[in-house]
Each structure stands twice: as C-alpha cells, then as structure tokens.
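Below: one structure, written as structure tokens.
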Amino acid sequence: MYIPTYEDMLAAHERIKPHIRRTPIRTSDYLNELTGAQLFFKCENFQEPGAFKVRGATNAVFGLDDAQAAKGVATHSSGNHASCLSYAAMLRGIPCNVVMPRTAPQAKKDTVRRYGGVITECEPSTSSREETFAKVQAETGGDFVHPYNDPRVIAGQGTCAKELVEQVDGLDAVVAPIGGGGMISGTCLTLSTLAPETRVIAAEPEQADDAYRSFKAGYIIADDAPKTVADGLLVPLKDLTWHFVKNHVSEIYTASDAEIVDAMKLIWKHLRIVMEPSSAVPLATILKNPEAFAGKRVGVIVTGGNVDLDKLPWN
C-alpha cells in the first residue's frame, strides 16, 4: 500500500492549478456568536463541478500517461466523485464510465451526464456498487480512480487544506465531513507537515457512523447500506484512508439527521450559499459539542453544493 506524501500533495497542486478554483473563505458573525468560535468556511461548493472532489479526480486524470488515458477512466460514486471525474475526463478529452446508486440525487446524475460521463446504476449498497463496477471495468478497461482510497485522489484532496491554511492564519482545528475518508485523509496529509499544531476533526452522521465506531474500536467497521440525509457520506473507510484516520485524526463527532438539516438551514441563511446536507455535518457537530470549539479558530470545509432544489430536506 503506497501512502501519499506531502511532496505528492505539492506536485498535485501544481498539476491541478490550471483546472480548479482557489475557493474563497466565508465567515458569519452570527454563526461565530452562536458557536462561541471563530469559524472560517472553505467553500468548495464553488468549484466548477460543485465539490472538492474535483481536486483528487483532476490529479488522477492528468497524472495518467497518454496510453493509459486513451482507455479512459472508471469509478463508482454516490455523486460528487462521479461528476468531478467526468469533468476532469472531459477536460482531457477521454472517456469516463461511472457506477452510481439508483437512489443518487437526480441533480448529481444530471451533472455527470452534462460532463459526458456514462452512468450504470446499481442498488444503494456497498456490495452492489462493487459488483456492478467490476463488470463495467471489465467491459471498458478504464483506469480505476477510486473515490477516496487512492493515493492520487488523497494527494489532490490535500490541496484544499493547503489553500485553507494559506488563507487563514492560526487555525486551532479543521473540521471536515467523513464518509470514505478521502477529504479527511488529504487534510491530515497536508496539516501534519504544514500545520502540525492544528487538530483535524471529522464530522459524521449518526445514522452512518461507521467511521466513528471504527475510530473508537481501533479497526474498520463497515455498514453495507446506511441511510442518512447526508447522501455523500454513505461509504465505508478503506485501508488507505484508515491509515490517516487512525494515526492523525484527533476526534470524530456525530450529529443526527435533524441536527444536520438545522445546520444546513443556518448555512443557507447566514452564509447565503447553496450546499448539500453532507457539507452541513461539520457545523452540526460544532453546535452539538460547543465546549470543544469555544474560543477556537476553526476551519470548516464546505465540501459540496450539488443538491436537488426540488427535494430540499426541509420541504
């Protein structure tokens, strides 16, 4: 198992800079007063495909040699990695095949197709996803770009934390959602070298809390088909992301679906940005654990904004 390095992250940033946005930081006096912390929201929902995953996907696609690239890329994803890989493949002019759960939000499916990705649907379970993908990859021969358990992807995701600490000085902690662990692993990779005094904290839905239970048990515990409003956080940890979680994450906090929806409303209202439920999990956990964040300078990664506006969770 190859563990990506800080140098891999730096190389990834140089590779992807022409194709991504250096996303802005947003703050809210109201949310600072409400939490007792100084919150700095890194708005990855402002990326062209609407999610941070464009970083890792672009690093993987543009790191392929011409012979590999000619065969295209393939992946399985609940949404954002699928759209971001399709976008990166479109930029390079190569094919992209994606396996997605049939229950994935229509907005995410539409985005994949808009960027030229070819979708094969599966049942909303890890086993169905992996079985369906094996068939698709055998038929297409595309390079497998795993949504998170891939050194190229983790190195790319780590560029978000690099920008964050360049934009905001003296962060005591960075909080990011955790599903499979790609973003949190990239954050650990970067901050362990660039800002080792900054704590990395993961935020997870209670109804899909396998990372939390794994963290407490000391080994990977996987749920096959969890259900939560945070549909981007349904996948389990894998060996590579588990390496970063067990060695570098300071804490994992969880929040209920109701708390996640309440936090999502607050962000929509006070930051005035469109973001999806998965992106609200960090604020939900900060609100639920105020003693852990009071008086601290906290970076919060808003991971994506691909939400079906006709199916908002408070409607």
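Just so it is clear, glycine is given a Cβ too, placed from its N, Cα and C backbone atoms.
All chains included, 31 other C-beta atoms sit within 10 angstroms of the C-beta of Lys53 (N6-(pyridoxal phosphate)lysine). Taken from Swiss-Prot, the feature N6-(pyridoxal phosphate)lysine applies to Lys53, supported by similarity to another entry.
The DSSP secondary structure for Thr303 (pyridoxal 5'-phosphate binding site) is coil. Residues near Thr303 (pyridoxal 5'-phosphate binding site) in space but far in sequence (CB under 8 A, at least 6 apart, same chain), listed by position: Glu44, Asn45, Ala51, Phe52, Lys53, Asn80, Ala176, Pro177, Met183, Gly232, Glu276, Ser278, Ser279. Sequence annotations record features per position, and here Swiss-Prot assigns pyridoxal 5'-phosphate binding site to Asn80, Gly179, Gly180, Gly181, Gly182, Met183, Thr303.
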Sorted by sequence, non-Asn80, Gly179, Gly180, Gly181, Gly182, Met183, Thr303 residues with Cβ within 8 Å of centre, pyridoxal 5'-phosphate: Phe52, Lys53, His81, Pro147, Tyr148, Gln157, Pro177, Ile178, Ile184, Gly232, Leu233, Val235
Local backbone state of Gly182 (pyridoxal 5'-phosphate binding site), from DSSP in three classes: helix
Cβ atoms near Gly181 (pyridoxal 5'-phosphate binding site) (within 10 Å, other residues, all chains): 30
Long-range Cβ environment of Gly179 (pyridoxal 5'-phosphate binding site), under 8 Å and at least 6 residues apart: Tyr148, Glu204, Ala208, Ala211, Gly232, Leu233, Leu234, Val235, Ser278
In three-state DSSP terms, the structure that Asn80 (pyridoxal 5'-phosphate binding site) belongs to: helix
Pyridoxal 5'-phosphate site span - longest C-alpha distance across Asn80, Gly179, Gly180, Gly181, Gly182, Met183, Thr303, in Å: 14
